Amino acid sequence: MASSSSSCNTIFLGFFVYLSLTHLTTFISANKVYVVYMGSSDNQDPDQILTRNHQILTSVHSESVEEAKASHLYSYKHGFKGFAAKLNDDQALQISKMEDVISVFENKKRKLHTTHSWDFIGLGEEETMEIPGFSTKEQVDVIIGFIDTGIWPESPSFGDSDMPPVPPEWKGICQSGEAFNATNCNRKLIGARYYHMGYEAEQQQQQHNKLNQKHLENTDDPKKKLSFRSPRDSNGHGTHTASTAAGRYVAMSYNGLAGGGARGGAPMARIAVYKTCWDSGCYDADILAAFDDAVRDGVHIVSLSLGPDAPQGDYVSDAISIGSYHAVSRGITVVSSVGNEGGKGSATNLAPWLITVAASSTDREFTSKLQMGNGVTLKGESLGVYEMKAPARIISASIANRGFFTPYQSSYCLESSLNHTKTKGKVLLCRHTERSTESKLAKGEVVKAAGGVGMILIDESDKDVAIPFKFPAAIVGKRMGNRILSYINNTRKATTRIFASKAKIGSQPAPRVASFSSKGPNALTPEILKPDVTAPGLNILAAWSPAIGKMKFNILSGTSMACPHVTGIVALIKAVHPSWSPSAIKSAIMTTATVFDKKGNPIRVDPESRRGNAFDYGSGFLDPTAVLDPGLVYDSNPTDYKSFLCSIGYNQKMLHTITRDNTTCKSKPFSNHPSSLNYPAILVPNLKSTFSVTRTLTNVRNLKQKMSYSYRAVVSTPLGIEVDVHPRRLVFNRYGQKMNFTVTFRKNSAPSQGYVFGYLQWKNRKTRVTTPLVVRVVPSNLGVVV
């Protein structure tokens, strides 16, 4: 493993030297990795930060320099202060009680939130991605940092032809490692780093716990090799997300499907990769090291298609919340995915300074024709290129049970559950409940191994996710599955023929919110809307790592794929409006989004096709043609986020440690309620009788001399709620002018149960600035007063 000048390998005042896993002493092998967060660096000398880290670690190791050295993993000293180290529970508790420490938390694992989409969104085909009325050529000065699984630099999506030299303010590096060196970077891929110490420490601990051995197993075995120890991507996820956001224009297809030209949202923007994610996940210690370096390197945007499991922990014990807070405080916009857990209240990446993205469909489907023996033609979802040459008998997997497996168990085509004699030569109708692609592929392998010639999979959760089956197979929803089952049960010898998949555009209403996309309300701070916006995340074609399946391109689904769509749009906004704050950019995206599909009907949510609401899609579906001229924005600054932290219970000591300035929770105009944050959505989750919220709008449209713009308030009232807006008219006559308005909510005599939804629009002839309104009335017997 090669060392570098990155913070993860910085010499710790000649003291904390880099240690490989083989040098870790056995006395710490049973310890856990903890992150110690100590707030803002406040331009403090990095050497002073390192000295303090050294003092803390030495003090909890009985003043033993050797033990302190062996325990240390990272120091964070650019964007914020802190370190990661292997500690036992008592040592972690000691450190947590120290005066300048905000939080100490375990090195938790985060999960990856695993083309035509840009045409569907509404951007042009040319590589400049120009939007009528605006020049986005300055995207060559915008640098996007991707915290992910790395990159496959040889992909044509990352070529640098016709690109100018690297911006002179760039301070990053191209870190060498396994199968990767400085020549792999170019004028497009301008920086690459990798972080492995948090991950490897956890892997060593797992091996120790599992095998009770002092040394790791030989990791040179190619079957056990998890990844390149370098920025090179052996997973594919990081390459896919980077090319979706900022890939060059290239010809691509997936096994002949969906062929044509594809490009990212900002094809001329620069890419810097920070590889923190490995085959087993992404660990907090490494994620924070990546954020720390990204701040120092000079990125303008950070994109993370990953996150914690729901429910998410507190903001100061969550690596993504901490890293993004300090990045945003320095003017860096951070875009994240909401998660793939699908259920109500499952949203993650909940911090208000993040842009959190849900996943929705485009109007392109990948379908396989199912020709039934009774002449009926159905369609299923698939990326399969295999088809049956002739019809075959179709049976329910429940009657093909084997040995001690019950018909119910075999109906799910569990491993070893199928009788080979009953299955051979037949198509099996199987059931499925899990969400992962791997579990669906595995069912196909089970049927194939048992002699089946095809499979129809009834998937009740996310039937629209196309899967690359290795033999004739397709996915259908519950309703169609029951229809096929009825045909089987009422026909003496039911047959079917499964055809190869084809790409089809425009056959269904779109966008639709994907069934797997995690949803609100925000379980940590219900006054903050999450997700913020939705973008294409279903069956997205982009670049891939040939290390997986020897493919250069692949189709994936997930909020991981939706996140880089917004990242690309953020890069275009930065190109046109380089001085806009992260919150102004976020506001422009949210207030111009639409809640209607391409046919003008309300956006629906899969799989049951119910009408969507703000907890499904946030403010709506991304509209890139409107974001560059939103008219008005809800702007916020670091002081507003400090006020927010005060409003949710952070005390003066903790606030000072996080921010390193003299502001206190008693400072004006700090609020005592989180709904007061100047957010582009207004949520009142606990309305007892009457509640008022004040917001500030900033004019971002350049006005000619003696010209003004007048906006009037239009309200779609949440059911059972009275809404008053004062004033009802706002007049702006100069760029940057700010105006306040107040929204008052009152419950009427017959309030609705649960959350109700509406919107406030500031409207003139040219612009509509739309703000979601979400209210929940608290029953009187709960005694909550708001």
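The backbone N, Cα and C atoms fix where each Cβ goes, and this holds for glycine too.
Feature list (source: TrEMBL):
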| type | residues | note |
| --- | --- | --- |
| ACT_SITE | ASP148 | active site, charge relay system |
| COMPBIAS | 217-235 | compositional bias 'Basic and acidic residues' |
| REGION | 217-242 | region 'Disordered' |
| ACT_SITE | HIS237 | active site, charge relay system |
| ACT_SITE | SER560 | active site, charge relay system |
| DOMAIN | 677-775 | domain 'Subtilisin-like protease fibronectin type-III' |
Work out, from DSSP, the number of helix, strand and coil residues along the domain 'Subtilisin-like protease fibronectin type-III' (677-775).
0 helix, 61 strand, 38 coil
Would you mind ranking the active-site residues ASP148, HIS237, SER560 by how many other Cβ atoms sit within 10 Å of each Cβ and giving me the lowest?
HIS237
From the Cα of HIS237 (active site, charge relay system) across to the Cα of SER560 (active site, charge relay system), what is the distance in angstrom?
8
Determine, to the nearest whole angstrom, how far the Cα atom of ASP148 (active site, charge relay system) is from the Cα atom of HIS237 (active site, charge relay system).
7
